[in-house]
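For 1-20, the entry in Swiss-Prot reads signal peptide. Marked as domain 'Disintegrin' by Swiss-Prot: 168-207. Among the features that Swiss-Prot reports, disulfide bond is placed at C179-C199, C186-C218, C192-C199, C211-C223, C230-C280, C245-C287, C258-C268, C275-C312, C306-C317. Positions annotated as Ca(2+) binding site by Swiss-Prot, on the basis of similarity to another entry: D187, E190, D202, V203. Taken from Swiss-Prot, the feature N-linked glycosylation site covers N237, and the record attributes it to sequence analysis.
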Amino acid sequence: MIQVLLVIICLAVFPYQVSSIILESGNINNYEVVYPQKVTALPKGAIQQLEQKYEDAMQYQFKVKGEPVVLHLEKNKDFFPEDYSETHYSPDDREITTNPPVEDHCYYYGHIQNDADSTASISACNGLKGYFTLRGVTYLIEPLKIPESEAHAIYKYENVEKEDEDPKKCEFRRAGTECRPARSECDVAEYCTGQSAECPTDVFHSNGKPCLNNFGYCYNGNCPIMYHQCYALFGPNATVGQDGCFEWNKKGESYFYCRKENDVPIPCAPEDIKCGRLFCELIKNTCKYDYSEDPDYGMVDHGTKCGDGKVCINRHCVDVTTAY
């Protein structure tokens, strides 16, 4: 309790020193402060190699909503391919390619103890940053940059897009007083009318309005883009898969399809392949995907941009001008 109070004081008094991404963005107010405690994960009698900075397996304990959880992590040994190389250019435009050792990296996958359906994708380079699922709920975790503190912020992924679900009561405040701020550029702030104690009905910009510098189109008050969806599934190191990955959705089998009819997977038409299974990239030139018994899990979200002037509606990539 004292630690939580100190963090609150730091946030109030030293806002520029506590400069985590979520605080800098100002989009997340509803988060929980936790202090992950590392627990040895080495088998009894095992010896950690001295030259190895990042262990092959780690465990962390912390609480989520007052409930103790144990996060099991294993180094993702497939994160880098065997022929991994880095290329950069010198000041005189010479191409320089190196093959740095990548065995001792800091990228992990894992799960929550006693939750068979849980998953986790974590970067442990500087604190714990990434995501984990607990009882079907996706949480993001990242360190709060407070000097000499192990404080981390945990918040639900849904809160990234739903900053303020509980609007302030107007209580007959002066007309024009903001009672519900816009949660994204696709949302509209609501203001007290001066005639009612209730905040007006939540409204948002029209579906199909360009957002995030034309990377997406507004859909029901949000701006769904594939990059954010990959972040939620696989953590901060994920990006959108290459176009060739989405060709798999034309198979119409296993996990690669656009929709199901009577539990039979229906292949995507060539123009709809980016409205089926979502493909992300963690390792260069690889196709990463996820799935579950939930038919919508791991699929491209409705309203997502699937091409210039096109959005995904009912698993079809259609013209945004006629979609809504």
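Each residue, glycine too, has its Cβ placed from N, Cα and C.
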Whole-number Å value for how far D202 (Ca(2+) binding site) lies from C245 (disulfide bond) (Cα to Cα): 38
Most Cβ neighbours inside 10 Å, all chains, among the recorded positions C186, V203, C230, C275, C317: C275
Which recorded positions sit within 10 Å of C312 (disulfide bond) - Cα, from V203, C230, C306: C306
Least Cβ-crowded entry, counting other Cβ within 10 Å, from the disulfide-bonded residues listed as C211, C306: C211
Close recorded positions near E190 (Ca(2+) binding site), where close means Cα within 10 Å, chosen from C211, C218, C223, N237, C258, C280: none
Arithmetic mean of per-residue pLDDT over the domain 'Disintegrin' (168-207): 78
Beyond the site residues D187, E190, D202, V203: chain residues whose C-beta lies within 8 Å of the centroid, for Ca(2+): R180, A182, V188, A189, P200, T201, F204, G221
